[in-house]
Amino acid sequence: MRKHLIERENERRTTTLVAKQRDLHFPQRFPVTFTSNKICTSKYTCLNFIPKSIIQQFKKLANIYFLMVSILQSIPSISVSEGIPNLLFPLFIVVVFSAIKDLLEDLKRKQSDKDENGCITLKRISRDWVKTTWADLQVGDFVKVRQNEYFPADLILISSSDSKGICYIETKNLDGETNLKHKIASKDTQVYFEFEARLDEFKGNIKCPDANPIIYHFEGILNMPIKSIPLEYKQFLLRGSSLKNTEWVVGLVIYTGHETKIMMNSPKSRHKYSKLDIQMNKEIIYVFILQVILCIFSAIYYTMWFSKSDDKTRVYLELKNNQSSGFVGFVYAFFTWMLLLTNFVPISLLVTLEMVRYVQAYFISNDLELYYQAHDMPAGVQSSNLNEELGQINYVFSDKTGTLTCNIMEFRKMTINGISYGTENRMSLEEKIQNIDFVDKSFSIDDKHNLDFFIHLACSHTIITQRKGDGIEYNSSSPDELSLVNAARFFGVEFIEREENIVQIKVGVKIFMVRILNVIEFTSDRKRMTVVARMNDGKIKVFCKGADSILLPRLLSSPITSATWNHLEEYAKEGLRTLVIAYKELKDSEYKSWKIQYEDALLDLEHKDERLAELEDALENQLILMGATAIEDKLQENVPDTINFLKSAGVKVWVLTGDKIETAINIGFSCGLLNDEIIRITVQSHKTLDIKNEIRRGLDTLNIENVKFALIIAGESLLKINKPDTIENFLKLATQCDVVLACRVSPQQKADIVKLIKTKVKDARTLSVGDGANDVNMICAAHVGVGIAGLEGQQAVRASDYAVAQFSYIKRLLFVHGRECYRRNAVLICFNFYKNVLITIPLFYYGFFSAFSGQELYNMWSYQFFNIFFAALPICLYAMFDREVEYEELENDPEYYRIGMESKFFSTKVFWRWVLEASVQGLGVVAVCVFAICLYTGNKYTGKMDNMWVASELIFGVIVIIVNIKVIFLSFMNFWFTTGMCCLCILSYFLFACALTEYAPILVFLDNYDSRGSTYRMSINPNTYLAGVLVITMGFIIQPIVHHIKKIFIKQKVHHKQEISEDEIRQARKTIEEFYIPHTGFAFSGEAGHVPQIMHPEIFN
């Protein structure tokens, strides 16, 4: 059994071998040219900005469409603008606006590049240290970095100002962690290069992997004349990290510029599109199809009319027969109408939407309710194009540690030699110390087993110390290790400091020196850490701690195993994180034999990982059980309230964790995911057939009415779900459960689960939230990724679309900003099409009066300025500032959020209702205005009939009024600025029209001289006012009534709650009992599970 588990673990181990090797020779200059250390993250240069920007802008389908229309406008035979491509002007504004935005962003990147490339460092040249810029460094250069300076490239640590080669680094710029980490130069290089002159005379070569993005792994060999020296990650210094508490270090440049780890791991641009964007693009295609249909109809109508009419009835058209008859005439007419109806698709929509989203992102970033004062952390927005997507989420996937919990570990309980210590009582505030909340008066450190247990904890770690006044401060990247070492200090076994490979521990008043011979560090694959140490009495001990599932198969039989197992189960049920503690003694001869093999394996680059794994497994076997620890990771504030609110809104919450099933269940109860009314279905078998049966039985239980269900599934079970029928049944089961807990899952499994729901569940909109590097895959896989700025660094935040400091802030992010951004942006898109259809459809209706000859109805310049000056700003202000209800009410009633989940504000039905409304209003405008002005009136002042241009001015003016008043009716806030802007837009049109038509002799760009004076003639015609009032009243007589009914009854939402009798619940539980599976797994403190992938990759094909 033990052998089988170990072998299976070895199969899961992933290697990091890189086939291509880098071979550097000294002193000759290398024949291979390596990448410059100069970095360039900007996209543009002075020479390529214009062409690259143009290419970038015309990757957008809408811009290509409008460019093609502009080309058609330049063809005199079909142009409705006398061969003038007047659409180029608004297209030019749109393109220039986007280009300037890109340029400003790129200038920031360019300045950042310039600052970094110009940083100064010391380079070894001609037996001296010479100041040089980072950009001038090359692979193979020796550099000296001084305290508080940043490393200019990826370096191999050669020597340090510390006699033992130790240096301390801070990686805050890489992963956000402020805890210091220590690096140590090889003893051989530290001694050899103690005399700096040897740097100039060095002869040898270095073999190491070629540039690769594996950031936490490095291996190589330094071949010197005297010997070959293995190089490891502890000699690897990353560009972007800084030197702390060390006077200076000398390093050898190994990777430069864009081949450094930090540059190769820079987040690539993410291409995520909101559901609103996808639906909008689909509707644009439908609108274009409608436009083509109308153009075909118009062309056929015109061709038929032309064939039936004689030359006298159409002499004023000045048409040539070869251009207007038959198929040729149809083609000319078709493209003429394509030009006339071009504005069906709003040219300004994309720019307007982008500008509005930018302002919305500003409000999110500056929301004080999302500001976490303790860490000085505001909300961050990195993908403003997903603002509205936050309002349509129906699946939330969350990590546990550091996301739902604080990731601040407190030592609570332990089991030593089969005896459990620690009670449910809490330490008082006066007694409380860092990382400790332990109460048990029966515990005594004088017992030998207890003392040995804490000596183990005080020796087996990678913590470094800093002197702070009279005290010692511990620094560690692992909150678990920090808690364990602080616990050892609390119980009287104090870790004092680490000097090279000597650890000082203080027991009572005595100080012991423990020589650390080897450290095999914890990884997400190994799930354990081992330290080989020579104790004060000369004995060699192997200290090992790790996950119970990993260490238990490696233990010798012991009378305390059963008791320890039971204690572990108890701790896990309390939601505590557990670690098993074990050791064994080695003879000197055994250790020497193992060490020779281990050092030899370090020099074998080809089979290094496999050989090291075998040797580590041999060492970490036949261990003696000492006991186990139990650490508590507290929930963050307001997590239960947030989760209950999400569930009340119909959002399904999945927790994906590396912890054991019992721990996950306990946390589920603590945070409100689970309660006594929810029936739990557990899937944790290892055999495929058993898993299928468990899923099938789970589906059968879903038939029980009036009961909520939770699915708890193990990562190893997910691995076996690789057949289409099993996948389908799993999805049926998971999606019908109210809660899903996936336990023992790896980072890749987390991403695979999200992808599965994202791709296989109809209308699923997913959000992933996490705080650590192991959550990055999951965050990137979801429709929206949210990073929690916690104690595990900034990797999750950098990979995310939005960043917040606490999980509870998800509530406001979704239910306030997301909901309102969705509502306002949906209305913005619909309104843009509404106003464009309303201004364009009269051209089609007027075709019935002009035989669809392609007669333009509006003044060219008024028509083109409509979207820019006369109808754009009010709806933008609405989309930025409008509130349907107060934000506090959105945070108190989850029912408001359902409008986004159910796509109430934007769907095909909603969109075409807007289009239909605009079409009907357009018909009314044309009918009333044309009949009022052109057909039945004569101007009593001039004795002449008013022509079509007077009707045109009236139609255009009425439409400008209608679209602006529409915004006022849409608004829920009495925002005076929006109303004032609507009035300003209306006024600006009439002033523009007056100037354009009354001063035509001066304005040479007037496209039709016949329209001169039309504004004045319209203003003195009494029918103008009657028609205008009639049309506007017809268009809005129902609108205010509907709007106020919405305001009155907006709060009357349906709250469906089914009452469940106690008998029904009792019967349901009795029925479900047979499906329960006993829990046999155990919790562990690692970041992730141990199964490499969720299921067979074919499911995504």
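Backbone N, Cα and C atoms are what each Cβ position is placed from, and that goes for glycine too.
Not measured: the values here are computed from a predicted model.
Annotated in TrEMBL:
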- Asp399, Lys400, Thr401, Glu481, Phe522, Lys545, Arg577, Thr657, Gly658, Asp659, Arg744, Lys750, Asn774, Asp775: ATP binding site (BINDING)
- 598-625: coiled coil (COILED)
- 33-81: domain 'P-type ATPase N-terminal' (DOMAIN)
- 797-1050: domain 'P-type ATPase C-terminal' (DOMAIN)
- 62-81: transmembrane segment (TRANSMEM)
- 87-104: transmembrane segment (TRANSMEM)
- 284-307: transmembrane segment (TRANSMEM)
- 327-353: transmembrane segment (TRANSMEM)
- 826-849: transmembrane segment (TRANSMEM)
- 861-881: transmembrane segment (TRANSMEM)
- 914-938: transmembrane segment (TRANSMEM)
- 950-969: transmembrane segment (TRANSMEM)
- 981-1004: transmembrane segment (TRANSMEM)
- 1024-1042: transmembrane segment (TRANSMEM)
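Most Cβ pairs within less than 8 Å of the transmembrane segment (861-881), among stretches 62-81, 284-307, 826-849, 950-969, belong to 826-849.
Just so you know, of the binding-site residues Thr401, Asn774, the Cβ with the fewest other Cβ atoms around it within 10 Å is the one at Asn774. Averaged over the coiled coil (598-625), the predicted model has a pLDDT of 88.
Listed as Cβ neighbours of the transmembrane segment (327-353) (distance under 8 Å, sequence separation of 6 or more from its ends, same chain) are residues 60, 62, 65-66, 69, 72-73, 75, 77-81, 87, 90-91, 94, 97-98, 284, 287-288, 290-292, 294-296, 298-300, 302-303, 306, 825, 828-829, 832-833, 835-837, 839-840, 843-844, 852-854, 856, 863, 866-868, 872, 875-876.
Residues 87-88, 90-91, 94-95, 284, 288, 323, 332, 335-336, 338-340, 342, 345, 347, 349-350, 854, 856, 860, 1007 of the same chain lie 6+ residues outside the transmembrane segment (62-81) yet bring a C-beta within less than 8 angstroms of a C-beta in it.
Residue density at Phe522 (ATP binding site): 22 other Cβ atoms are found within 10 A of its Cβ, drawing on all protein chains shown.
Beyond the transmembrane segment (87-104), the same-chain residues lying 6 or more positions past its ends with a Cβ under 8 Å from any Cβ of the stretch are 43-44, 49, 53-54, 56-57, 63, 66-67, 69-70, 73, 342, 347-348, 350-351, 354, 864, 867-868. Long-range contacts of the transmembrane segment (284-307) within the same chain: residues 62, 65, 314, 319, 324-326, 329-331, 333-334, 337-338, 341, 344-345, 833, 844, 847, 851-854, 908, 915, each at least 6 residues beyond the stretch ends and with a Cβ under 8 Å from a Cβ of the stretch. The ATP-binding residues named in the record, Asp399, Lys400, Thr401, Glu481, Phe522, Lys545, Arg577, Thr657, Gly658, Asp659, Arg744, Lys750, Asn774, Asp775, extend over a maximum Cα to Cα distance of 26 Å. Taking a C-beta cut-off of under 8 angstroms and a sequence separation of 6 or more, Asp399 (ATP binding site) has the following same-chain neighbours: Val655, Leu656, Thr657, Lys750, Val769, Gly770, Asp771, Gly772, Asn774, Asp775, Met778. The 10 Å shell around the Cβ of Arg744 (ATP binding site) contains 28 further Cβ atoms across the protein chains shown. The domain 'P-type ATPase N-terminal' (33-81): residue composition by secondary structure is 22 helix, 0 strand, 27 coil, according to DSSP.
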